[in-house]
Amino acid sequence: MLPLLGLCFALPLCAGLLEEARSWEDTSDQVGLRIPRQVRLLQRLKTKPLMTEFSVKSTIISRYAFTTVACRMLNRGSEDQEVTFQMQIPAAAFITNFTALIGDKVYQGEITEREKRNGDKVKEKRNKTIEDNGEKGTETFRASAVLPSKDKAAFLLSYEELLQRRLGKYEHVVSVRPQQLVGRLTVEVTVLERPGIAELEVLGLQNSRQRGSGRGPDDSGPPPSTVINQNETFAKVVFKPSVVQQAKIAQNGILGDFIVRYDVNREQSIGDIQVLDGYFVHYFAPKDLPPLPKNVVFVLDSSASMVGTKLRQTKDALFTILHDLRPQDHFNIVGFSNRIKVWKDHLVSVTPNSIRDGKVYIHHMSPSGGTDINGALQRGIQLLNDYVAHNDIEDRSVSLVVFLTDGKPTVGETHTFKILNNTREATRGRVCIFTVGIGADVDFKLLEKLSLENCGLTRRVHEDHDARAQLIGFYDEIRTPLLSDIRVDYPPSLVERATRTLFPNYFNGSEIVIAGKLVDRAMDRLHVEVTASNSKKFVVLKKDVPVEPRKVGIDVSQSPRPRGRGQEEPNHLERLWSYLTLKELLSAWLQSIEEPERERLRQEAQALAVNHHFLIPFTSMTLKSAPRTEAPEAAYGMSSTSMATGPETVMQSLRGTHLQPGPAVKKPYNPRIKISKTSADGDPHFVVDFPLSNLTVCFNIDGEPGHILRLVSDHADSGVTVNGELIGAPAPPNGHKKQRTYFRTITILVNKPERSYLEITPSRVIVDGGDRLVLPCNQSAVVGRRGLEVSVSANASVTISIQGTVAFVVLLHLYKKPAPYQRNHLGFYIANGQGLSSNCHGLLGQFLNQEARLIGLSKSPAHPPVPEAGERSEAVLEVKGRQVPVVWKQRRIYNGEEQVDCWFARNNAAGLIDGEYKGYLAAHPFDSETAFGPGLSQGL
């Protein structure tokens, strides 16, 4: 019997679109009735299920966020209990996967087409258990299961979203509400932005449903235990509070929203265009332009339901908003209940007197009567149309209605279809309507359609202490229009399936995003043309953008389903394109009137969502039991010895239903591969073997903690890149160094025959090739897929074999009781480099196919003279036409098991390596675009 009691999905679409969520099993008829007193007694004696771990990991690449939530629970009681996993997700996000591990059974979510009920249309109502806070809010995902006594469960949820730029910032919000104190709680947010991260801030935990106006910096600072590591293009934020720190924030486990805000560097031209594997995205966000004049009518609900806090906070917000109007703007105010009351019979210019009089009018508004939404909108739009028609306006301007209500139409025209039709005919595409719904009783679906059909936005504002700030924040998003009538054109012969390219307005601090597919992946340039209207002129921007499909940073594959033969590995730009396309199809379906058109849009969205594994109102998710396995936790990246071993051993991302436990993890064995001398180990000490010259050379690299060194770079030919990240440690007493550095992470990017990522630390190995698998280093295991094999020898080494022609060995240096100057670290050895090309580069890779010789040395260079006490043996090494002074040394490798005689090059291998040491620094762990010395470059 499937033990899941119920599963509620919060689908990321406008209010009114979600079909009632389904439960996989109804067990209500199986629960025996008890005497009420007996129930209360049993509840008192029950031991609540313990959450042993709550982990959220997000990776944001080019504003597109992949998030995976992992939760582990333990039933400590003596009887079966129901456990519930609950997570708030952004309303704009799409769920891509859900997996439950109950005991030794695995249940995996599968996205399929949702059948139309009664053969007509999707029900336009929401499950009452789903919290819907509108476009800027959250929806809650819930899953329940019966967990046997003393057994363990794990839930894993994945979702994706495109971050929207508002008020000049991108905001990524993670809900941290495990409902109890958790022994292992981790939130990890990684940001990768090719243009560079302009600024990044972590706000204090917030429990308000919406977050104020955004005016001025948040001075609360990041929550305790937050660690931020950042360079120009990469940032990693980790929040890992202890139980004591959690209790100081909230003893009930409802910590709040963990918020990361950032922006990116921008070029003042056509915008930022990124290309990857036949897909492109175009970000356009100009600034430093003169603002367009606004013609704005504020239409405010003053019906009886607005009495009290709602009307008071609305008035306070409008007082601030009126002060922000510019001298070139014009405005008017309409109050409505069952009667329509207009402040002036025409729009007035912004002056100190008009602002004062407008505030007085708002102050005297009092709640009474019903709600005539249709009449109020018609009057507001008429005021704008009359102003534009009867005034000779020299400058271009934008006409806006800001409409605010807390209820449903109760007076005048109350039929939704007629209100929408009347509004559409009145605006005629020349007036944009921005709607705000206050409180829980508002007809949010109507407001959303009004905005969608009339080039506006909609927000839901909650009736709480910060409603005033929410209103001001919404107005701030539209207070500064910079461009109108924006059109973006690409050559039709080069681009297909582009998303929306026409935009009525562009507001300061926002961003226009377009994604599409390229007809020819081999093209080297893309012509882009942007036309728009500014306050006094018509703007035309043209540019031929170089298309460099391999220079976009890393590609985090999110393949949600088994790929057939010939299918390429999906990439984040393909996911972004499908996400935007789905959003536009769903919006078009919402606005469509004709049933044939609605059915066409439904089928197109449904096919795209199933193909890319997105949960939308036209698809459904069913849980299917995966094949039984001896160690299902290990197959999903979890420790089989303990369900509370930490987030490091949890599978970080579910990429689809094709990950099945069993075949991926084989019986462990101890690999026996002969390791060459060519290596980077210790502090870090580099050893290079020149087999063609029967010579060994060594050198040191004095890096800084956090530096990422390029070790092997053959991305263009064999498709292999290896980077190593350094960690710092104090030097031993009486040493000549102030600090030492070691490798704490080795990352390997394999691009052929298909893309795979490996991340190796002393505690875990992450293998990500569409299926993401996490292997603990304290357990032996072997995994393999399509030419890539990874073997873990417990607490000793990790061996990576690629296509049978390339092999690397990573040694694990672990300390049971480390001294202050000791750190667990890694050593990297090239076991087999036959499959690497002659163009291979990097600190180690550049020497694999080179010859070297010693000049003026009579004895065999392979066996340097053993110097007598106090004597130094020196020589000159010739490599690549360069002569480098070297001195004879001895090095220990393979955990000190073997001693190597080598010729040592000083000064960070100056003259030995191409260029300088700094040319080998990577921007992020999976970066494959780094210059190596003067004029040398290897790119993605």
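Every residue gets a Cβ built from N, Cα and C, even glycine.
Among the features that Swiss-Prot reports, domain 'VIT' is placed at 35-161. Feature annotation from Swiss-Prot assigns domain 'VWFA' to 295-478; the stated evidence is sequence analysis. If you look up Swiss-Prot, you'll see Asn97, Asn127, Asn231, Asn421, Asn508, Asn694, Asn778, Asn795 marked as N-linked glycosylation site, on the strength of sequence analysis. As annotated by Swiss-Prot, region 'Disordered' applies to 207-227. Feature annotation from Swiss-Prot assigns signal peptide to 1-16; the stated evidence is sequence analysis.
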Could you work out which of the glycosylation sites (Asn97, Asn231, Asn508) has its C-beta surrounded by the smallest number of other C-beta atoms within 10 A? Asn231
Within the domain 'VIT' (35-161) only, compute the mean pLDDT. 79
Nonlocal residues around Asn778 (N-linked glycosylation site), in sequence order (Cβ under 8 Å, 6 or more apart): Ser763, Ala794, Asn795
Which one is it: of the glycosylation sites Asn231, Asn421, Asn508, Asn694, whose Cα lies the shortest distance from the Cα of Asn97 (N-linked glycosylation site)? Asn231
When distances run from the Cα of Asn694 (N-linked glycosylation site) to each of the glycosylation sites Asn231, Asn421, Asn508, the nearest one: Asn231
Distance between Asn231 (N-linked glycosylation site) and Asn508 (N-linked glycosylation site) at the Cα atoms, whole Å? 27
Might you list, by sequence position, any residue in that chain lying six or more from Asn421 (N-linked glycosylation site) with a Cβ less than 8 Å away from its Cβ? none
In DSSP terms, helix, strand or coil for Asn421 (N-linked glycosylation site)? helix
When you measure from the Cβ of Asn795 (N-linked glycosylation site), how many other Cβ atoms are you left with inside 10 Å? 13
Asn694 (N-linked glycosylation site) has how many other Cβ neighbours within 10 Å of its own Cβ? 13
